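A short worksheet on the structure shown next.
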């Protein structure tokens, strides 16, 4: 692997001082085909020498690969310094895949329902280390990869520049060739970076992990609430929605904690006038501290949400890969 793997064609052309056409050919070889740099066709040796001189060799090694009974596949990958991250291949409609990528090794946010938070933060990933995760998965897949979600280990907006660089590489027509509208970047609510993201006008889908509309409840679940409280977060979401349209809000449902009528009412008040898509998902008991709602509790909460958020899409997310710790909130770099 090469550190320049994280560059899209335009960035590579600028950094290496080469033509955009040569950069596209190199990107097409290294990222589009997953081939060695020297396999790039119709590129002069002097240009390849220049690019190779700028590149620092790097490594991303597969440690383990486990298959869940529902078709999810979890990849445990080791970086050159020994740090480990995970990527998950998600089957869609028996025809294609979405890939969940990590932006950091571990996570500093310490959300109570997330196994990654219990690891602490080892370090942020470089752009090429993010892109290389997708290349590992793609090399192992017979179906096309048509979507990417930055919902693996880490907080993407605490590694903002590398995540955006990787995302643009993944949607480069010469590189990852993934429609930018099918790339989702999720944040636990780093308000200044949400505002920066909105101001910069990026084309990727923004998802915000909300999980409670009552401040003291959210604070107990997500320590980030201390630094970036709900009112500031919702203001940033409102600004983004005004410019880009509907924002996806993720909501981890925890039995007896955030699924009552008062929680639905608080959501209705908090999100009034903001076009959102609410994605509830049952908590996965990775930490042993929480349990998911049963069907009766979910049905009651769904009905309450429909009353409090009339006209807003409420789409329950499927939680796949649980038996192999590939599901949302379960990534902990375990080998089994």
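Yeah, the Cβs are placed from backbone N, Cα and C, and that goes for glycine too.
Straight from Swiss-Prot, the features:
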{"type": "ACT_SITE", "residues": "86", "note": "active site, proton acceptor"}
{"type": "ACT_SITE", "residues": "328", "note": "active site, S-methylcysteine intermediate"}
{"type": "BINDING", "residues": "107, 111, 114", "note": "[4Fe-4S] cluster binding site"}
{"type": "BINDING", "residues": "154, 155, 186, 209, 210, 211", "note": "S-adenosyl-L-methionine binding site"}
{"type": "DISULFID", "residues": "100-328", "note": "disulfide bond"}
{"type": "DOMAIN", "residues": "93-322", "note": "domain 'Radical SAM core'"}
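Feature map: annotations from Swiss-Prot on the structure.
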| residue | record | contacts (Cβ under 8 Å, 6+ apart) |
| --- | --- | --- |
| 100 | disulfide bond | 87, 88, 89, 90, 148, 149, 150, 151, 152 |
| 107 | [4Fe-4S] cluster binding site | 114, 116, 117, 119, 120, 121, 153, 154, 155 |
| 111 | [4Fe-4S] cluster binding site | 117, 188, 209, 211, 221, 222, 223, 224, 329 |
| 186 | S-adenosyl-L-methionine binding site | 149, 150, 151, 156, 207, 208, 209, 250 |
| 210 | S-adenosyl-L-methionine binding site | 189, 218, 233, 249, 250, 251 |
| 328 | active site, S-methylcysteine intermediate | 151, 252, 281, 284, 317, 319 |
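In the three-state DSSP scheme, residue 111 ([4Fe-4S] cluster binding site) is classed as coil. Listed binding-site residues: 209, 211; maximum Cβ neighbour count within 10 Å falls on 211. Annotation note: residue 328 (active site, S-methylcysteine intermediate) sits in a coil segment as assigned by DSSP. Listed in chain order, the extra residues whose Cβ falls within 8 Å of the Cβ center of the [4Fe-4S] cluster site residues 107, 111, 114 are 109, 110, 113, 115, 116, 117, 118, 188, 329. DSSP assigns residue 209 (S-adenosyl-L-methionine binding site) to a strand in the three-state reduction.
A 10 Å cutoff on Cβ-Cβ distances gives the residue listed as 'active site, proton acceptor' a total of 25 other Cβ atoms nearby, all chains included. Each residue in the domain 'Radical SAM core' (93-322) has a pLDDT score, and their mean in this model is 95. Under DSSP, residue 154 (S-adenosyl-L-methionine binding site) is assigned to coil, being neither helix nor strand in the three-state scheme.
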